[in-house]
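Chemist: First the structure, then my questions, so here it is.
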Amino acid sequence: MIDIQNLKKYKLIIIVVILLSVFLVINSFRANKEKFADGVSTDLNIDQEALENISSVYNSNNLIVTNLTVTGVSNLVPSGSIMAWYPKDSNWKNNIPQGWVLCDGSNNTPDLRGRFLLGQGKGDKLSERNFGDKGGEESHQLSSDEMPSHSHSLWISDKGTNKNEYADNTPARIMMGDRWKNNSSYSNSGKTKSNSSTKLVQSTGGNKSHNNMPPYYVVVYIMRL
């Protein structure tokens, strides 16, 4: 005959064990979640069979993941993200990471070949930049408006030569002092020569553009699809 009292006792024990197990699982999950809150990897106990399902090699306590493919759209790296990539082989164009494409103007990417990236918006004491704007010059030739305001001083040390010529139109005597002698008259047909100088200031310069690039190092820009 079944002892009803003992059955109730066992049933109560089973319920307590189940509740305690659920509590431990929830508490463990909550603790592991807090460990990942800062985005830093940490030790986490995971079922061995689950690990083997996503890994290529599993040997004792060492896990080596050689190929892990995530299907669908991953929110870990949003679509449209752009990053600088430094390939390590000469055949890099054929070895771009899966899910990424070269930023060369194709595949709905911006053409970033030979270009820097600039943040959108208006920074403090800076010009406003709109999304998709392009600008800048690799080399630049100054215009007269861009040249600093300046002046040139000029000094002439050559005294030059003046020559005055006089001619008498009559055989009369010339005027002396403040009186006319013998009521003579005098006329002047003199000539004056002024100083002149050429090539006082000569032009210079090659009229060429100058390098407008900051120091740089070339990498590859790729975009997440």
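Glycine residues also receive a Cβ, built from the backbone N, Cα and C atoms like all the rest.
The compositional bias 'Basic and acidic residues' annotation in TrEMBL covers 122-140. Annotation comment: TrEMBL describes 141-154, 200-209 as compositional bias 'Polar residues'. The compositional bias 'Low complexity' annotation in TrEMBL covers 182-199. Under the heading domain 'Baseplate structural protein Gp10 C-terminal', TrEMBL lists 114-224. The region 'Disordered' annotation in TrEMBL covers 118-209. The annotation transmembrane segment is assigned in TrEMBL to 12-29.
How buried are these features, and what lies next to them?
Modeler: Sorting each residue of the compositional bias 'Basic and acidic residues' (122-140) by its DSSP state yields 0 helix, 5 strand, 14 coil.
Per-residue confidence over the domain 'Baseplate structural protein Gp10 C-terminal' (114-224) averages out at a pLDDT of 71.
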